[in-house]
Amino acid sequence: MLTEKELLNMPEDAYMNEEQLAFFKELLLQQKQELSEAIDDAKKSLAESERNTDLNDVATSQEMQQLYLRTVDRQSKLLRKVNESLKHIENGEYGYCELTGEPIGVQRLLARPTATLSVQAKEIQEHQERTQGIIKA
């Protein structure tokens, strides 16, 4: 298994070869495991907070429940992206911009393994969202 340093030192023509794909697959599988555990923990905490509600602490309990729900929602969305990235590895699309087909880049994928857009494509998308007032879901 490659180290991050070895990955960064590989030549450009090695982009998304077997070794690099194996590195990112392992990284994504680890992230998937961590997210699944965090979601389970948040769900358990939510269930526990619902059971242990003292009438004097209703407002605090409701705030905590909202926090747990937001956490579960955010982590569930990221888990879906991780699963999509794992599918892209399997079908040979991982590491390439879904808009331009250009390489996303190893450094960007290390920072955000679920990235589907190159830096330039993401900047264009964000600019369009700002200028057109598009609200992301």
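First residue shown is number 1, and so on along the chain.
A Cβ is built for glycine as well, from the same backbone N, Cα and C atoms used for every other residue.
DSSP places the residues of the domain 'DnaK suppressor protein DksA N-terminal' (20-89) in helix, strand and coil in these numbers: 67 helix, 0 strand, 3 coil. Among the features that TrEMBL reports, domain 'DnaK suppressor protein DksA N-terminal' is placed at 20-89.
The region 'Disordered' feature in TrEMBL is assigned to 39-59.
Annotation comment: TrEMBL describes 40-54 as compositional bias 'Basic and acidic residues'.
With a threshold of 8 Å between CB atoms, the same-chain residues lying at least 6 positions outside the domain 'Zinc finger DksA/TraR C4-type' (92-127) that come near it are 4, 7-8, 10, 15-16, 20-21, 24, 27-28, 31, 78, 81-82, 84-85. Per TrEMBL, the feature domain 'Zinc finger DksA/TraR C4-type' maps to 92-127.
The zinc finger annotation in TrEMBL covers 97-121. Summed and averaged per residue, pLDDT over the zinc finger (97-121) gives 96.
Helix, strand and coil counts from DSSP across the domain 'Zinc finger DksA/TraR C4-type' (92-127) read 15 helix, 2 strand, 19 coil.
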